[in-house]
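Listed in Swiss-Prot:
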type	residues	note
TRANSMEM	31-51	transmembrane segment
TRANSMEM	75-97	transmembrane segment
BINDING	His81, His182	heme b b562 binding site
BINDING	His95, His196	heme b b566 binding site
TRANSMEM	112-132	transmembrane segment
TRANSMEM	178-198	transmembrane segment
BINDING	His201	ubiquinone binding site
TRANSMEM	224-244	transmembrane segment
TRANSMEM	288-308	transmembrane segment
TRANSMEM	320-340	transmembrane segment
TRANSMEM	347-367	transmembrane segment
Amino acid sequence: MRWNKKSLFAVLNNHLIDYPTPINLNYFFGFGSLAGIMLVVQILTGIFLAMHYTPHIDLAFNSVEHIMRDVNNGWLMRYTHANGASFFFIVVYVHIFRGLYYGSYITPREALWCSGVIIFILMMATAFMGYVLPWGQMSFWGATVITNLFSAIPLIGKDIVDWLWGGFAVDNPTLNRFFSLHFTFPFVIVGAVLIHLILLHEVGSNNPLGITLKTENIPFYPYFYTKDLFGLMVLFLVFFIFIFYYPNTLGHPDNYIEANPMKTPLHIVPEWYFLPFYAILRSIPNKIGGVIAMFGSLIVLLTIPFTNSSEIRSTAFRPIFKVCYWLLVVAFLLLGWVGQCPVEYPYTEIGIISMIYYFFFFIIIIPFLGKFETYLVRYNTNK
């Protein structure tokens, strides 16, 4: 068609319609598209909520109640945004673990993987600041605990905390700057996502076999468009069930109590999607050690493309690694469970064991298991 030859439409046509896609992609490869759609949902609902939200410690909690009670369909906007964050992270976690399983970090996709990890870190920062905005008990005390972690940095830690707070405690300046950053970061994420897509289309999509065969590609539209559309319908079905029937299931009841600096909640826990990393933080009794471990658990994801020694992409053809991979999934789920439990026996011990395996997988298994597998293959070939 003539409009396809125009510069703008040509770009859209090349990246959304005629984009060559491996013919054997399964439904797990559609979670990247679902993540993009959830990002759009979050931005749109966030803009509408920002129209009625007041970033002031005396008014923030009441402004959220005003949205829920007085604004037309405000309850729908708020529940969509709150539950949308959870579903956004669900989709992204599946996307990450799919990438780990099918070796989407192996050459030539190193930059693609690293850009995805950066997007994930930006998401976590955005979600944390958004959790502070309702100014409930968990909002206030979560902000206090997490920002205090920077005080573990030698010499300049206390100054960094005061700078983050805008004073000597979590107060009105903190809430204002968190609101500003929470509103700004999604657009930074959009920019990072565009870079992610450019890198993806530069090297092409991976596939379950991990073998690049350009002769086995078909256009994205209409084949994978309809496949992703089906995945979106299933996702939205579950999403709407939570919005309309269980809107508060994924939240914390203490956040319906207005922030009180004079009363500490019995258990201070973040949102569920932070729990695995929160468990890593708590598993080390030393403060600076816990902070290093928590941030290290994210930074280690950036090292995977450069420490990997396997010549085979897909875990389907790596039986030993497959066992290690599923043990990682179990360890990650255990960390998420332990993160919401009290700091006592046996939760502390389970958290420590799971944390050790988490780092063991990325620091030992990925760099050395590939070499061992290559040795076994060549030994049996030469036998």
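From the backbone N, Cα and C atoms, a Cβ is placed for every residue, glycine too.
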Quick check: of the binding-site residues listed here (His81, His182, His201), which one has the Cα closest to that of His95 (heme b b566 binding site)?
His201
State the count of C-beta atoms found within 10 angstroms of the C-beta of His81 (heme b b562 binding site), not counting that atom itself.
19
Sparsest-packed among the binding-site residues, when each Cβ's other Cβ atoms within 10 Å are tallied, from His95, His182, His196, His201:
His201
Rounded to the nearest angstrom, how far is the Cα of His196 (heme b b566 binding site) from the Cα of His182 (heme b b562 binding site)?
21
So which residues does the transmembrane segment (112-132) touch in its own chain, when a touch means Cβ under 8 Å and the partner is 6 or more beyond its ends?
85, 88-89, 92, 95-96, 99, 104-105, 138-140, 142-143, 146, 174-175, 178-179, 181-182, 185-186, 188-189, 192-193, 195-196, 199-200, 203, 270-271, 273-274, 277, 298, 301-302, 304-305
Near the transmembrane segment (288-308), which residues from the same chain, at least 6 beyond its ends, have a CB less than 8 A from one of its CBs?
96, 100, 103, 105-107, 109-110, 113-114, 117, 120-121, 124, 149, 152-154, 276-278, 280-282, 355, 358-359, 362-363, 366-367, 370
Given His196 (heme b b566 binding site) and His81 (heme b b562 binding site), what distance in Å do their CA atoms have, once rounded to a whole number?
24
